[in-house]
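Take a look at the structure set out below.
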C-alpha cells in the first residue's frame, strides 16, 4: 500500500514538473541561450551603436524582459516589436546590424538624425517590413540589394544622404512599393525601371537613363595626343582664343535675353494677378498655399465653421473651380516637423477606398498644418441620429444596416488591405460621414498617429472618446486592430439606439453607459426597448437580435475574444442580404427615447462632434 502511494506521488510530481517545464519553454521562446529576450538584445545593440546626446534612449534597459514599454517602441498584441519610430531625435553613430534580428518589424522610422556609415544589408531579413524611412541622415556606401527581398515593403525613403553607386535592380523592381524616394544622394549609373507608383530621384547628378532625363553614353573620353609643332601649336592657341571670345559674347547675349525675359514674365504675372505661394503636389495630393486656404474659407470666418474637436477646427471652403471642401486646421502644429508631417500625409493619402474619406490635399507652413477633404453634404451619422435635419430623409432600418456594412468595409481595408496598415483609434458615429447617396465614409483615420509625433512612444497618448475606447487601450496605451473592432461594436449600438455611448435620460431606465444597458436588455430578451424610437417600430426582429449579438461580441472586454473586422464584415453582408429581401412593416415596437442631457467626455482630447458635415 505504501509503495503504491509512493508511486502515485512520484507520478504526480513528474507530471507537474514537465507541465511547468512546458510552460517555461513557451515563455522562453523569445529568449536567447543566455536567458535574455532576443529583441531586447537586438535593441540594446542598436542603442549601443548610437550616440544619444538627448538621452532619449535612457529608458532602454538590458535587464528588462519586455521592450514594449520603452520609448519609441511599438509592439503587437502578441508582444513582438513591430515598430521603431525614432525620427528627429538627434541620434548619431551607426545603425547596428542587429536591426535585422527584429524580424517582426513593420515600421522603421529613423529620418532626420545624424547617422553615418553604411545601411546594414541585414535590413533585408525584415520580411514583414512595410515602411522604411532613413532620409535626412549621412548614410554612405551603396544601397543594399537585400532591400529588394522585402516583398511587403510599401514605403521607402532614403533621400538626403550620401549614398553612392547604382540603384539596385531588385530595389527598383519591388512590385509592392507605392512610394520610393532616392533624391539628393550621389547615386550614379543607369537608372533601372522603377515599379513604384510614385518615386523621386532628383538631385543625383550622375544618374542617367529615361527616369533621370539624362542620356547614358558609352563613349570614353578621348586623350590628347596631337603632337603639334610649335607653329601649328600657335595657330591652335589662336583658334582657342577666338573660340573662347565667341563663347563669352554668346554668354553675355544670353544673359541679356534672360534678363528681358524675366521682366516680361513678371509683368505677365502681374497682369494676370497670379500671386500664389510656392506649391507642389505629392502624388495625387495637392499642396495648397496658406493664401488659397484663407480665400477659400473667407479668412477662416466663423460662419464657415463646421465643427471643433480634439484634432482642431473644421471649416467649409470654396475653391476657385467651385469645388466645396472641408478644411481641418490641426491643433499644435509646432509639435509636428515639416518632414514628419509630409511623410504621414503621404501615408494617409495612399489609403484610397470608396468607404474612406479621400485626402484631397494639405497646407503646411511653419505655423500651420491643415488637411483638405471633400465636403460631405449629408454630415455624419451622429448628426443624422441626433440633430434635426428638417425635410431631409432620416435613417431607416435598412439604411442603418447599410451604413454599418460600409463602415466595416472601410475598416477592413485599413486593417488588412492598406499598406502600411492603419489603426483608426476613434471609431464612432461622429467619424462616419455620409456622401450624397448616404453611403458610409470613414473619416479621421490616421490623424491620431499624426498628432502623436509630440510623444516619444508610438502609443503613449490615448486618443479617442470615453465610452468608445477599448479597455486595453485605455489602461495600457497599446492599440491594435481589435481596438477598432471595439469602437465598431459601439457604433452598431449607436445606430440601433440612436444614443451616444455615454447618455443619461429620465425614462424608466436611467442610462449611463449604453453598453451595460443593452447587455441587460439583451439578457432579458427585451430587444425592442433598445431600438431608436425614430424608427417607429419598422425594423426586422431577427436581424436586430443578430446585430445586437454582433455588437456585444465586438465589445468583449478582452481583445482576443473579439472577431477581426473581416469576420464582422462577412456577418454584416449576410444580414444586408436579409434586409434587402424586404420585411413587412410591424406594429410599432415599444421603445423609449431619452434626452441627450450630457455631452460625451473625451480622454486627453475632446470628442469631435460636428454640427455640420466635415
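Glycine residues also receive a Cβ, built from the backbone N, Cα and C atoms like all the rest.
Summarising the annotation, Swiss-Prot assigns signal peptide to 1-26 and lists sequence analysis as the type of evidence. Residues annotated as repeat 'LRR 1' in Swiss-Prot: 104-126. Per Swiss-Prot, the feature repeat 'LRR 2' maps to 128-151. Marked as repeat 'LRR 4' by Swiss-Prot: 176-197. Swiss-Prot lists 186, 193, 224 with the feature N-linked glycosylation site, giving sequence analysis as the kind of evidence. The feature phosphothreonine is assigned by Swiss-Prot to 297, 323, 459, 460, 465, 476, 555, with similarity to another entry given as support. The ATP binding site annotation in Swiss-Prot covers 306, 307, 308, 309, 310, 311, 312, 313, 314, 328 and rests on sequence analysis. The phosphotyrosine annotation in Swiss-Prot covers 473 and is backed by similarity to another entry.
For residue 323 (phosphothreonine), none of the recorded positions have C-alpha atoms inside a 10 Å radius of its own C-alpha, out of 193, 297, 306, 314, 555. Over the repeat 'LRR 4' (176-197) the predicted model carries a mean pLDDT of 89. Nonlocal intrachain contacts for the repeat 'LRR 2' (128-151), taken as residues 6+ away from its ends with a CB within less than 8 angstroms of a stretch CB, comprise 82, 87, 95, 103-122, 157-171, 173-174, 176, 181-182, 187, 339, 343, 347, 419-421. Secondary structure by DSSP for the repeat 'LRR 2' (128-151): 5 helix, 8 strand, 11 coil. Under the DSSP three-state reduction, residue 476 (phosphothreonine) is assigned to helix.
Of the recorded positions 186, 193, 297, 308, 323, 297 has the largest number of other Cβ atoms within 10 Å of its own Cβ. Note on the repeat 'LRR 1' (104-126): residues 50, 74, 76, 80-98, 132-150, 157-158, 163, 337, 339-340, 343, 420-421 of its chain, located 6 or more positions outside it, place their CB under 8 angstroms from a CB of the stretch. Listed modified residues: 476, 555. The one with the lowest count of other Cβ atoms within 10 Å of its Cβ is 476. Per Cα geometry, 314 is the residue among the binding-site residues 306, 308, 314 nearest to residue 193 (N-linked glycosylation site). Around the Cβ of residue 312 (ATP binding site), the same chain contributes 328, 329, 330, 331, each under 8 angstroms and 6 or more positions distant in sequence. Across the structure, residue 297 (phosphothreonine) and residue 314 (ATP binding site) are spaced 10 Å apart at their Cα atoms.
Within its own chain, the repeat 'LRR 4' (176-197) has Cβ neighbours under 8 Å at 135, 143, 151-169, 203-212, 216, 283, 346, 350, 419, counting only residues six or more beyond its boundaries. Ranked by how many other Cβ atoms sit within 10 Å of their Cβ, the binding-site residues 306, 314 place 306 at the bottom. Comparing Cα positions, residue 555 (phosphothreonine) lies closest to 308 out of the binding-site residues 306, 308, 314. The separation of residue 308 (ATP binding site) from residue 476 (phosphothreonine), Cα to Cα, is 27 Å.
With respect to their backbone Cα atoms, residue 308 (ATP binding site) and residue 186 (N-linked glycosylation site) stand 47 Å from each other.
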